[in-house]
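Going by Swiss-Prot, these are the annotated features:
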type	residues	note
ACT_SITE	H86	active site, for formimidoyltransferase activity
BINDING	G168, P169, D170, S171, L172, G173, S174, A175, G176	folate binding site
Amino acid sequence: MPDKEVKIVEAVPNFSEGRDISKIEKIIDSIKNIEGVKILDLNVDPQHNRSVITFTCGIERIIEAGISMIKTAASLIDMEKHSGLHPRFGATDVFPIIPITASMDDCIIASRNLGRLVGSELNIPVYMYSESAMVPERRNLENIRNKNVQYEELKELIKTDKYRPDFGPDSLGSAGAVIIGARPALIAYNIYISTDDIKIGRRIASALRGRDGGLNTLKTLAFYIEARKMVQISMNITDYKKTSIYKIFELLSIECRRYNVYPVESELIGLMPMDALIDVFNYYMKSNITRDKILEYKIFT
């Protein structure tokens, strides 16, 4: 009998550490010996003091991997001492699980089981979000954690009905809280613009932001990055099939011209689907390339 097909998931946990690489290495080491785990990418950002690890594994191993990473992060990262530009709740800030060959329902079940164990075994408060939300308002991450509600504010808010965790205690330790959920593929994409004026950055970010009347399925924030002496427009594309990267870049360029600034550099945080890149290529090259014209795709499929 052939082996049962493994249901593959991707995980993209975000950790509140971007300055001490040894701590991130220990978090990665905690899952290296788990069967089927493949580390795909690491993005470390000292300004945001945040790291994003991308890995895949069979869905039957995601809970083991999640517990190991969250436990290790809790032992290494003290939120009382943490500072950084990016909003954050805890040592492991957010732990999304994305279906690859598994189904979304599979990922929802796995994420809730992970959340339950993190709460009961690690004694860390857990909020379920996106497709795994157990409270409707928590489907959107911004309704849980945002620039106005972070680790410091959560210390008191966690005792209220609105911020009662889905799992775990209603009090915070030095590891803070973790947000866990199943979600579709997301593209984290940043653009630096030629100004140090954060007010201009915020206006441009608002013009692009979906909830402010900009591009659908686009979430934006503006940060001043001291190391670059520039403003960064930080973006999450929650559905790249509805909101293409080229549309974002073109609209941002138009908005920049209103303030006599221009886009300087783009950066990708984590990984992106091949189809999203092909979409950008086809727009600018006026072509109709499909993935079966990509050499590496033909070789490895």
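From the backbone N, Cα and C atoms, a Cβ is placed for every residue, glycine too.
Features as recorded by Swiss-Prot, highlighted on the structure.
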residue: H86; record: active site, for formimidoyltransferase activity; Cβ neighbours (10 Å): 18
residue: G168; record: folate binding site; Cβ neighbours (10 Å): 22
residue: D170; record: folate binding site; Cβ neighbours (10 Å): 11
residue: L172; record: folate binding site; Cβ neighbours (10 Å): 23
residue: S174; record: folate binding site; Cβ neighbours (10 Å): 15
residue: G176; record: folate binding site; Cβ neighbours (10 Å): 28
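Annotated pair G168 (folate binding site) and the residue listed as 'active site, for formimidoyltransferase activity', C-alpha to C-alpha distance, rounded: 24 Å. DSSP assigns G176 (folate binding site) to a strand in the three-state reduction. With respect to their backbone Cα atoms, D170 (folate binding site) and the residue listed as 'active site, for formimidoyltransferase activity' stand 24 Å from each other.
Here the CA atom of H86 (active site, for formimidoyltransferase activity) lies 19 Å from the CA atom of L172 (folate binding site).
Here H86 (active site, for formimidoyltransferase activity) is positioned 18 angstrom away from S174 (folate binding site), judged by their C-alpha atoms.
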